[in-house]
Every structure is written in C-alpha cells, then in structure tokens.
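First comes the structure, then the notes that go with it.
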Amino acid sequence: MAKEKFNRTKPHVNIGTIGHVDHGKTTLSAAISAVLSLKGLAEMKDYDNIDNAPEEKERGITIATSHIEYETENRHYAHVDCPGHADYVKNMITGAAQMDGAILVVSAADGPMPQTREHILLSRQVGVPHIVVFLNKQDMVDDQELLELVEMEVRELLSAYEFPGDDTPIIAGSALRALKKAKAGNVGEWGEKVLKLMAEVDAYIPTPKRDTEKTFLMPVEDVFSIAGRGTVVTGRIERGVVKVGDEVEIVGIRATQKTTVTGVEMFRKELEKGEAGDNVGVLLRGTKKEEVERGMVLCKPGSITPHKKFEGEIYVLSKEEGGRHTPFFTNYRPQFYVRTTDVTGSITLPEGVEMVMPGDNVKITVELISPVALELGTKFAIREGGRTVGAGVVSNIIE
C-alpha cells in the first residue's frame, strides 16, 4: 500500500487496547489493521509483528510497547498495544503513551478477570477519559444468555470505577476470525464487527483538544535579568498560547504572583506569540529576578493552583531498571521531580500495605515540603540523590 495514503487532515486520536492477559488484545490490534487495510486505510500488521514489541526507555523505565497506525473514514489513529501486564502499568503511569481513549478487550468465554479490573482502575487513576468494550471470542460462546451476563458484569465493573457503564458501547465479535478472513482478502461477518467497533470508537471517543487550545502553562527552567528590560523566564510551553499583553500567574514554591507579559522571544527574535512545544523566553513586567525560580510555572490566571498534599499512583523501578534494591515503608522521604524541579516529600502507604518492593505499583499519599503547581494527571518522578527510583501520576489532590 502506498504510504501517501495517510491523510493528515483528519483529526488525530491516540488509543490503545487494554484488558486481561490472553483475552485477545494483540489479536484485536492485528485484526483492526487487517480489516482496515482492505479498505486502503491501514497497513496490515501481523500478530507476531505487534507481539514482538520493541523495548523503549521512558525516564529510565523499560517498557515494551507496539505502536500501529491506521485510519477510519473520519480519523487518524495511533494505537498502542503492550505485551505484558507490567508494561501496561508502566505505560499508563509514565504517560509514555498518552491515551485519549481505550478499547477494553474482554473474553466472552471467561468474563472479566483480575487484570480487567486493574486496567479499568488504572484508567480511572491516570485519567484515560473514555472506554469502548470489545467482547472477544464470541464464536466460543453458544449461549446468548451467557454473553448477556458477561456484558452485564463488564458494565457493572465500569460503573464501579466511575465510568458510565450503562452508556458504554459494547461490541461482540471474534478478533481471530476477523483476522483470518481479512488475511484471505475478505471482510466477512466477523470483519464487519471490527468495523462496527471502530465506528463506535469514532463516535464515542471525542476528538481531544489540541495542546494549543488548552489553557497556557509553561514550567520555568531559567530566569535572567536583562538590563533596562526586566526579567526573562525561559522554558518550553507545555500547553496553550502566550502573547504580549497577556496576564499570567507565577505559581508554586512561594505565594502566587500576578504579572503581565511584555515580550515573547525565541532564538533572540521577538514573537507575536509562543505556543505549545516552543522553547521561549517570556519577559515579565515589574517582576524581580529573585522572585522567580526554576520549578515554578507561568500560567493563565486561576488555571492551576499550588498544592502540598496529594494521592498518586506510582510504579517503583525494579533493581534491573536501576531502581532501589530494597523495599521502602511509610515515611520514606525521597525527592519528587515535578516538571523542572525536585521537592522533598514524605510518603504514606495505604492501610494494610506494609512496604513497597522494587517493581511494584501502588497508590500513595504524599506531603511535599513546599507547594507545587499540581492538577489531576500531573506526572512526576521519584528520585533519590539524582537517581530515578519511581514514576507516578497525581490521581487526587488533598490540599
């Protein structure tokens, strides 16, 4: 198939398959690409091709992930699939593969299993906003009532983790049959079910806001004083747009300050505006150099607030990944690296959890010694003497 076929004018959405081991996530990923390839919307990817996922490093954590891309009539998709359960945990916590939505694969023959629940919980914790369900292996279930029972169980499980279980689209089919048919060059009735699934994904998972459309936020990396012009803070704009004349707040570490942008520069040239992804210098009116430091953020007033206490979902690096060799306990005090700076904080483990071993994932409560701009979904690294020992994401703000 000619590469030029991918038309970048379609809206782009990131999705992935989640679910219990051996329920058919990778087979479904292969089936989607195979069925869509018959319509000239994807390149056929073989199961083995997806299953032998290359290992990637994200903040020192080894994650095996497969990326495939395909289109529907309406959208362009980047799709991630992970071979192992641990890879999903790491992927979702580090945000290595940000998902705008997920396809939860549940075997109709087995119903929801422990990792089904765990992946739904993780999706809730790390902020995967929407889930569509594929009941796989429908060909192995003769009893329609059993199928309905599994569907009911899945809806209840989704609702238990605050997803709209009753309104979630659930499509039954057989990924393996669809894949075999598509390889033989036919869509067939099983392929139609895969197309139906993708139509639901198109309709149910909203197109995400682009980074430039979000509220302005820039982590401060450095601060300079320019004679006769004032204070310049530099950094990479995380989201949104900033222009001369904008009111901004400086948040984190100390009391929040308000100021006005009097200039935006990139590579020593004046810009009308800076936008998400740009490395810029922002000139601030009446702000003194000593009032701003690395680790603060510049943002649209009122859009983010400083916090000291939060809950997070973390993955603790294994010894092999260069992490700790020993467990840690409540009152462990590492540094939390948020955006551009380290802040010391103490960890409280959940009731009933005595210790955390390298390689575990766990929910923790953190109290920082100074406030940092935080919101749901903010990513952080846990460090000890400059060495990363864990990665996490803010799942709840306490104060």
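Cβ atoms here come from the backbone N, Cα and C positions, even for glycine.
Annotation comment: Swiss-Prot describes 19-26, 81-85, 136-139 as GTP binding site. The C-beta environment of CYS82 (GTP binding site), restricted to residues of the same chain at least 6 apart in sequence and closer than 8 Å, consists of GLY16, ALA53, ILE63, ALA64, THR65, SER66, TYR88, ASN91.
Look at Swiss-Prot and you will find THR26 tagged as Mg(2+) binding site, backed by sequence analysis. Following the DSSP three-state reduction, the secondary structure of THR26 (Mg(2+) binding site) is helix.
Swiss-Prot lists 10-209 with the feature domain 'tr-type G'. Restricting the average to the domain 'tr-type G' (10-209) gives a pLDDT of 93.
Per Swiss-Prot, region 'G1' is recorded for 19-26.
According to Swiss-Prot, the feature region 'G2' maps to 60-64, an assignment based on similarity to another entry. Only residues 6 or more beyond the boundaries of the region 'G2' (60-64), in the same chain, are considered here, and those with a CB under 8 A from a CB of the stretch are 53-54, 82-84, 87, 90-91, 94, 96, 315, 317, 320-322, 388, 391.
The region 'G3' (81-84): residue composition by secondary structure is 0 helix, 1 strand, 3 coil, according to DSSP. Swiss-Prot lists 81-84 with the feature region 'G3'.
The region 'G4' annotation in Swiss-Prot covers 136-139 and rests on similarity to another entry.
Listed as Cβ neighbours of the region 'G4' (136-139) (distance under 8 Å, sequence separation of 6 or more from its ends, same chain) are residues 23-24, 27-28, 105-109, 147, 172-177, 190, 193.
Using a Cβ-Cβ cut-off under 8 Å and counting only residues 6 or more beyond its ends in the same chain, the region 'G3' (81-84) has close neighbours at 16-17, 21, 25-26, 29, 50-51, 53, 63-66, 68, 91.
Around the Cβ of ASP22 (GTP binding site), the same chain contributes SER107, each under 8 angstroms and 6 or more positions distant in sequence. Taken residue by residue with DSSP, GLN138 (GTP binding site) is part of a helix. Note on the binding-site residues LYS25, THR26: the fewest other CB atoms within 10 A surround the CB of THR26. With all protein chains in the displayed structure included, the most crowded Cβ environment within 10 Å among the binding-site residues GLY19, HIS85, GLN138 is that of GLY19.
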